Amino acid sequence: MIYSVYFQIQDALQRATLESKSQVGSIFQVLNTKESPPTYFQTNKFTSAFQEIVDAYGVAKYQEANPGVYTIITFPFLFAVMFGDWGHGICILLATLYLIIREKKFASQKLGDIMEMMFGGRYIIMMMSIFSIYTGLIYNEFFSVPFELFAKSAYACRDSSCSDSTTEGLIKVRDTYPFGVDPVWHGSRSELPFLNSLKMKMSILLGVSQMNLGIFMSYFNAKFFRNSVNIWYQFVPQLIFLNSLFGYLSMLIIIKWCTGSKADLYHVMIYMFLSPTDDMGENQLFPGQKTLQQVLLLLALVSVPWMLIPKPFFLKWEHERRHQGHQYAMLEGADESVVAELGEHNEESNHHEEFEFSEIFVHQLIHTIEFVLGAVSNTASYLRLWALSLAHSELSTVFYDKVLLLTLGYNNIFILAIGVVVFICATVGVLLVMETLSAFLHALRLHWVEFQNKFYEGDGYKFAPFSFALISEDEE
């Protein structure tokens, strides 16, 4: 590969010399170095902003897997989970389409700091708004107002005399609502407990899925660099540990949804550790659950020393095998200058090649503790999807009920006009600006900390092509 590129460059330089009729030929010489090559990703105006999100964390080292590919979908989706309202999503989409349609004009103008930042990320905001419309349809919220878009509600009052479903209760009278949350949940006494449970469990499922994706990316990195030690003593135990605990919790959530069981999952997970041999009683969701939990708990316990102990010893064994027989004694009668030169070289190589087992073991210990504790904290961190979604929904409800509907009750045009203005200002200022920024930052945190730390080192540097213009700017 290297020689192929070498001959291509030589051929291009020779053709350039002939075509320019230069009297001096181009000189091209390969310099051997141990420095890692720079990283270059070919991007366009759509993908460049997503790549900048990843590069802000750290530039990928040469040939490392690029998380920017997945960020194009996962970043706007996680944002939308926290910002689910298709009315707000449409507002942001219209504003973004204006920037995209007139991008040639804006690109040639000098914009302010905030406007330039929004213009640079216009395609990210467009994707965020599209996903927000999708999740808003799932939550069935249009400025916090539910609509029967896909069918009539599956629930109705208990009898014909019932007029207030929030107090009298509901019964199911037709098929389940086909897409998203049934509109009758909004405004009912059961709305908050139902949506809290739904969004909290959904956040855990999304978090465990994305963390598993990060662990699998570490496998492909190790496979590409032919690092079998990382595959067997990092990828495999990490996958077992995460899924023995939180993968199992995700499975319980899905089983509970499918069966309608009233089992307490908090109780199941706590007593899986405290009393793994006790009878589960009404918290049993399927036959053989207690045996499965004992096996998973044993696997999780075994995976911790599996991550910690073997890798440092294998690295030490590989180092000794690689450098076996590399130390030679000088022959008698050799020239003193040669002895001195080779002695310096050997000292320098020994300094660079020195293997500190204690340092490697401590590093592996820190990495193991970080992953074990991070498996818990990172899963809990994904609950911010639930918390911010709830905050956005409740703020939207407050502005609609306590500002807009309250002013409609006065039957006064002047008061109504004031109420509409306050509602628009509150919606734009709080929900479309502050909440957007908040959800953006939280989605960024989930990608940097919870997802990318599973596989992404980000210790490389960008490729900077040679340019006379840049040289002249540096000199000035």
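Placement of Cβ uses the backbone N, Cα and C atoms for every residue, glycine included.
According to TrEMBL, the features are:
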- 77-101: transmembrane segment (TRANSMEM)
- 122-139: transmembrane segment (TRANSMEM)
- 202-220: transmembrane segment (TRANSMEM)
- 232-255: transmembrane segment (TRANSMEM)
- 295-314: transmembrane segment (TRANSMEM)
- 413-434: transmembrane segment (TRANSMEM)
- [ ] State the non-local partners of the transmembrane segment (202-220) in its own chain: residues 6+ outside its ends, Cβ under 8 Å from one of its Cβ atoms.
- [x] 65, 67, 70, 74, 78, 81, 230-231, 234-235, 238-239, 242-243, 246-247, 249-250, 253-254, 375, 378-379, 381-386, 446, 450-456
Task: Residue numbers, six or more beyond the limits of the transmembrane segment (295-314), whose CB comes under 8 Å of its CB atoms - done: 229-230, 232-234, 236-238, 240-241, 244-245, 248, 272-273, 276, 357, 360-361, 364-365, 367-368, 371-372
- [ ] Would you kindly list the residues that approach the transmembrane segment (77-101) from elsewhere in its chain, counting only those six or more residues past its ends and only Cβ-Cβ distances under 8 Å?
- [x] 118-119, 122-123, 125-126, 128-139, 141-145, 202-203, 206, 210, 384-385, 388-389, 392-393, 396, 427, 431-432, 435-436, 438-440, 442-443, 446-447
Open item on the list: How about long-range neighbours of the transmembrane segment (232-255): same chain, 6 or more residues beyond its ends, C-beta under 8 Å?
Closed with: 201, 204-205, 208-209, 211-212, 215-216, 218-219, 222, 261, 263, 265, 268-269, 285-286, 292-293, 296-297, 299-300, 302-304, 306-307, 310-311, 314, 371-372, 375, 379, 454
